[in-house]
Amino acid sequence: MRNTSRVAILIVIVGVLLTLTHDYWGGKLLGIFSVLISCSVVFIAFVISLENRKPAQTIAWLAVLGSFPFLGFLFYLLFGRNYWQQRRFKKKAESDEAVLLKFQEPSPIAIERLPMAPHQRPLLHLAYRIGQHPVSLASQTAVLTNGEETFAAIFDELEKAQHHIHLEYYIVRHDEIGQKLKHVLMEKACQGVHVRFLYDAVGSWKLSNAYIEELRAAGVEMIPFSPVRLPFLSNQINFRNHRKIIVIDGGVGFVGGLNIGDEYLGKDEYFGFWRDTHLLIRGEAVRTLQLIFLQDWYYMTGERLLTPEYLSPPLIVEEGQGGVQLIAGGPDQKWEVIKQLYFAMITSAKRSIWVASPYFVPDEDILTALKVAALSGIDVRLLAPKRPDKKIVFYASRSYFPELLEAGVKIYEYEKGFLHSKVIVVDGELASIGTANMDMRSFHLNFEVNAFLYYTDSTNKLVNDFLEDFRHASPIDYVQFQQRPFRVRIVESVSRLLSPLL
């Protein structure tokens, strides 16, 4: 399969060269190229059918290949190859499993001590079974609302670091906030603190070499996650590390929606105010966040750091703060962990489901769960951005609005600035904060990490944040929304058609 893909890429290159030298060859060899492309397309269509993907994905791929053979062929090479994905991440999955079996303690005892309703307990058992990380009762959490509050807390904790600082980010910029982070990390490295920084090679592709080299010269280990040497000839532009993790001395951790960049402080002229949510964690649950980082670090460097100095019991926090569970999702896992936990949260609801997601492109399972909940009389609300970030995703999201509105889902468009929070609150008792959007990319392609909260004070804070956000949002009226121009509907429909491919 891998060799076939490389041969197919060679066919494309030859075709381009033949096109550029058309006058010289007289077009004689273009017929051969057309036959090769046609055979490749037929072969790919056959492979897609045998992979037993979801019907929506299969139909979308076959439609694109049939309508635009050449473009569809290229698109498949970049985004569609499941076989190479599975083979590529098999080794990571095996090493992750070995670490978990050695270092994770059983979770059912903690689950039984949580004061949860009987209908909610299956969610915890599911999370432990497919997520493989325990629920912690000896942890404290604090919701950090927006950039100023988040970065203030991060820098305050970084200054206190004595042994190690571990960072993992999708986007890192060398702007004002990025420079501030660089100077703090260089200072801590000079003090003898071990600083390890894993950044995504695609998300941070604009990060300057000078920035990286300055940190390395100061003793900071800067490692790119899954570098892409030939982005147009490799589907490595998918399967990105979308996680945002900081672990300090094994006892303090951060996770959430904010990357490292000035736009997250509202300094971008287009976006303006940036609405986001992050989470500060202290205590036992940080150990899980540490494990997730160390697994990713080992995958990229081959360096095992599974020693007591990194995995010893963290700061003692008394029980009684509710439960905290860190769950990692990614293409290296057998189950669609984040999606299945979202689904379980939605179907466990008795009173309310409030969702904030900047990129809302659900699959049929999540879409049906939301509609059924609303039709059952549950208060289902979706908070989405009114200002587009990625236009194709924005229009694809809006294509789902009519059927959701018709089912009784209340949809609000955030108007104060750009909404980037990735939060779910169910019945005011269960919540999720993290890096995963409610879209197919987060469900199937990206490496993500979410914190699931059970009966914590932080959940109450999230409810209050939602109420404040609704004040700065406008509800969408179903009748008025149906009157949008026909050309807009076409764009939405095409974007939605492409969404299973992206």
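For all residues, glycine too, the Cβ spot is worked out from N, Cα and C.
What Swiss-Prot says about this protein:
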ACT_SITE  His242  active site
ACT_SITE  Lys244  active site
ACT_SITE  Asp249  active site
ACT_SITE  His420  active site
ACT_SITE  Lys422  active site
ACT_SITE  Asp427  active site
DOMAIN    237-264  domain 'PLD phosphodiesterase 1'
DOMAIN    415-442  domain 'PLD phosphodiesterase 2'
TRANSMEM  7-27  transmembrane segment
TRANSMEM  29-49  transmembrane segment
TRANSMEM  59-79  transmembrane segment
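Between the C-alpha atoms of Lys244 (active site) and Lys422 (active site), the distance comes to 12 Å. The number of other Cβ atoms within 10 Å of the Cβ belonging to His242 (active site), over all protein chains shown, comes to 24. For the domain 'PLD phosphodiesterase 1' (237-264), the DSSP counts in helix, strand and coil order read 4 helix, 11 strand, 13 coil.
Comparing Cα positions, His242 (active site) lies closest to His420 out of the active-site residues Asp249, His420, Asp427.
Under 8 Å from some Cβ of the domain 'PLD phosphodiesterase 2' (415-442) lie the Cβ atoms of residues 120, 123, 143, 170, 242-244, 255-258, 264, 266, 271-279, 329, 338-339, 341-342, 345-346, 348-363, 366, 383-387, 389, 393, 448-456, 458-460, 462-463, 465-466, 469, 472-474, 499-500, 502, all in the same chain and six or more residues away from its ends. A Cβ distance under 8 Å defines the sequence-distant neighbours of the domain 'PLD phosphodiesterase 1' (237-264), meaning residues of its chain 6+ beyond its ends; these are 78-79, 85, 88-89, 144, 147, 150-151, 153-154, 157-158, 160-173, 175-178, 181, 198, 200, 202-203, 225-226, 228, 231, 271, 274, 276-283, 285-287, 289-290, 292-293, 296, 309-312, 314-315, 326, 328, 330-331, 420-422, 433-436, 442, 445-451. Closest in space to Asp249 (active site), of the active-site residues given as His420, Lys422, Asp427, is Lys422, taking the CA atom of each residue. Here Lys422 (active site) comes close to Gly256, Gly257, Thr277, Ala356, Ser357, Pro358, Ile433, Gly434, Thr435, Ala436, Asn437, Met438, Asn450: these same-chain residues lie at least six apart in sequence, with C-beta atoms under 8 angstroms from its C-beta. Helix, strand and coil counts from DSSP across the domain 'PLD phosphodiesterase 2' (415-442) read 3 helix, 12 strand, 13 coil.
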